[in-house]
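Features as listed in Swiss-Prot:
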type    : residues          : note
BINDING : 55, 59, 62        : [4Fe-4S] cluster binding site
BINDING : 98, 131, 191, 261 : [2Fe-2S] cluster binding site
DOMAIN  : 37-263            : domain 'Radical SAM core'
């Protein structure tokens, strides 16, 4: 795969659906590409849920959706709590610290709160990359985030353009793409990914990978649906571990040079095959997610060590 033209959508879908191409063979192809660009290094990321449950959006996968009656709700946390998270991240060899807020988008006051905090964090931990995930932002807010030292902005496409309206109706696919493009225009590294397992087709999955290639996302988190009771997709079955591996491998082959991260839902979907995912992915979230728990940090560190890989610090 290294010495050929980039895959077309048609080729990628054929490979993804092929019953003749063994998943482990596909994973080996992806590993060749991953090793070429990233060696055996694994980037670590950590999330802080800085504002929870206060949201008017109706995303079908989300436990913080406006549709959810029972959910954890709190306003934007104090600056000291965000700074404490940065200290924990540094102590645990985390390379990127992600500050996440619920809601359609931040107020100017909330952006100022985040910016002041990031400026302080950067003085103490200049090597720690800061990723903000605040929703749909305005141009002037993006400029403030950049000036404060935010390195990366996460805004996931989540699904294909074709399937988008099955997932959420309170904002458009174009809203999401425009947010990613605005961050790029303001020299903030774009992080954008997907959630697989929401009832989308194989064609949708391949379309997601190509859409992320088209917007040139630097970092691509691949989430697998962890069904939450009461949400639109709460009754769906988990994906099989083997399908998850095929998805991760295809995202690597379609986006060979990008940081591919196994993210939310990896523990319950990949199960015992989690270590194999790092043959294609080169990045993971460590610790808990927004409202679902992750596995203990020690298990992730042991997994990396047992594979003969090393933390990219």
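Backbone N, Cα and C define each Cβ position, glycine as well.
Residue 59 ([4Fe-4S] cluster binding site) sits 22 Å from residue 131 ([2Fe-2S] cluster binding site), counting Cα to Cα. Put simply, residue 55 ([4Fe-4S] cluster binding site) is 19 Å from residue 98 ([2Fe-2S] cluster binding site) when counted between their Cα atoms. Comparing residue 62 ([4Fe-4S] cluster binding site) with residue 191 ([2Fe-2S] cluster binding site), their Cα atoms are 19 Å apart once rounded. According to DSSP, residue 55 ([4Fe-4S] cluster binding site) is assigned to coil rather than to any helix or strand. DSSP gives residue 98 ([2Fe-2S] cluster binding site) a strand state. Residue 55 ([4Fe-4S] cluster binding site) sits 20 Å from residue 131 ([2Fe-2S] cluster binding site), taking the Cα positions as reference. The record gives 98, 131, 191, 261 for [2Fe-2S] cluster. Within 8 Å of the mean position of their Cβ atoms, the other Cβ atoms in that chain belong to 45, 96, 133, 152, 154, 219, 221.
Listed in sequence order, the residues 57, 58, 61, 63, 64, 65, 66, 102, 168 complete the 8 Å Cβ shell around the [4Fe-4S] cluster site centroid, once 55, 59, 62 themselves are left out.
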